[in-house]
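See structure below.
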Amino acid sequence: MYLNRIYKNFRLTISIISALLLFFIVTLKAGNTLTIFSVLLDLVAITLLFSLSVQIKEYIRINKISFLSLTFAVAVILGILLMSIWTAQMFMDNLVQKLNAEFSVFSFASNVVGIIYFCIFAFGLTFVFVVLKEFYYSKRIKYNPIYFQLLIFFGILSALSFTIFQEINKAVSTAFMVVTILLIVKNSFGISWIAFLNKKEKYKLLLISLAITVLASVLVGYSADVSLHSETLKSYSTGFNTIALLILIYSLVYFGVLFFTVLFHLPTAEAFDRKAEEVSSLHLFSTLINQVIDFDELADTITDLTRKVSSADASWIVMKNGNTYETISQKNISEKDITEINNYLLYSGECKNLTKAKICSIDKSSVKSKLSEHLSSVIISPLKTQTEVKGYLLAARKSGLLFYDDEAKAINAFSEYASIALENSRLLKESIEKERLEKELDVAREMQRKLLPANDPKFSELHISSIFIPAFEVGGDFFDYYTDKENEFSFIIGDVAGKGISAAFVMAEVKGIFESLSKILASPKEILVKANRILSRTLHCKNFVSALYGKINFITSEFEFARAGHCPALLIRNGEIIKYQPKGLALGLDYTESFSENLDDLKIKLQKNDTLIFYTDGITESKNQLNEDFGDERFLKTIKINLNKDINQIAREIISEVSIFANNSTQYDDITLLILRWNKN
């Protein structure tokens, strides 16, 4: 960094020293016609030009100035140079008329004005030459610097030859001059960078190049004739005057050729702009395909680019949604017009089994009169993945303008990229949604796990066995034990309608309600009625809860329970299975008095070895690969086969039979099984 700064300061110092040397040498020369002085002036002038060119080139490179801006800068500089000639002429005329001092004073003043004038032209023409050099090397297919290097070489020879040979041998100087001009003409052709400008920029370039051609021709006239301008430059450096003339000739020829080149490019400028837009849009899509982008944002980008690619007035995208089509993005067209055109093209069979872009004229169709805009031509292209058409990309034009085959091909290629980008975005959206649901399910599973009892309580009078198997999507099964009251054991088993985190939240609320009510109320019916009343404030009808609340009195051996729309209770006694299904509506289905009226309490006097089985519908509604339910019959049969076994063994056998029946089918609901065995006489 430090060395770079020193280098920059060194170049600036060289430029300043060169200008000062010119001033002092001209002052010392004072009419001396020795060739050595003239050659020395030329060498100092060339050093100044070289130093300036390096600094100007670096400035252009660092600031990345566009071609159009550089062209405009050349026009401004040539204008300034022309104004400098006119201003200097007026100044010198006034100075001669008004200055009545000694000749030495006049000579010093004219030298000061002259060096300023010389530096202005040195900087201005160096800038023009550097710009011409940039134009020569830009956007070329083949890098061939030899012709430009020859131009510089013969330009310097021409400058020095006019100084060295002067009047002795003009033929040598003229020969160098002719070769240089021929190289200028050669280097002025093959202008390739204008092809990369759009139509608007080409119009601007046409006007600027015309202005430069006019300015350069006037300046060439001043430099070629015997005038105050040419004599002033010659007084400092004959060689520089030659170089200035050559740079101006180069400007005249180059920008003259540029003017006609742009003029010939204008008729095809619009077509080129459209092709450039197509390439740019396709390149953008190749980037978008590999990027993470919102589906709606992508659809809007596609419709916007479609208008640019096809020079259309309107565009929209429709996607299949069952047997209908849904508009997902639109630009510059109303919903009404979209509906009418969709009905005409998609529902009427006009574009049935479309495999590539198709041009459809609606100028003379029945739909024309129904449109609010004067649309005349439509391109429709399928958006497909592999062989399936997912939707359509459409573009429309107004005012009788039609689409052509090359535009249809462009839209067809464009829609293929769009299809891939949309499908990638859709899959990404689904993946994000799936990930969100999985996280939600993880939260629900964790909530459910924490809400369920960690261990079964142990009593001498009662053996308890429970099994809970959560579904993939997390159902709403729950159960809990209450042992706060002396000589009494209570429990709840239930199922919240719905799945996922919403069911888990309801489950948490219901469990808390029952835990509180079990401490203050005695009757299972009372507890269910009170719970239903509390849930009326928060529970939506879609989240109703089936529940069975029971309690066992260890002293009286009495089992009392109430059932709110839950699966029946099963009693195994003396080898028989007895089903108890007292009346009761699920919690949340009815908040009136009829809920209490339709809820029955049931009491059973327990005997030794009585077994009570409570379960949720995840067992009986478990499905196999044929979509058949496990059902009550298989469930009761499994119990009957194993009723004399230990309750833990009975529970395992039931779950085993359900698993064998399901045969790896997805478990869509929780499975909860609670078995109690009474051991007291």
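Glycine is treated like the rest: Cβ placed from N, Cα and C.
Keep in mind that TrEMBL annotations are predicted by a computer and have not been checked by a curator.
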Correct range for coiled coil (source TrEMBL, candidates 308-335, 420-447, 588-615, 616-643): 420-447
Proximity of the transmembrane segment (108-132) to the transmembrane segment (243-266), 3+ C-beta pairs under 8 angstroms: yes
Candidate ranges 171-196, 203-223, 243-266 - greatest C-beta contact count to the transmembrane segment (66-88) (under 8 angstroms): 203-223
Chain residues in Cβ proximity to the transmembrane segment (243-266) (below 8 Å; excluding those fewer than six residues from its ends, i.e. six or more beyond): 45-46, 49, 71, 74, 78, 121, 125, 128-129, 132, 135, 155-156, 158-159, 177, 180-181, 184-185, 187-189, 191, 194-195, 199, 202-203, 205-206, 209-210, 212-213, 216-217, 219-220, 223-224, 233, 272
For the domain 'PPM-type phosphatase' (459-678), mean pLDDT (0 to 100): 90
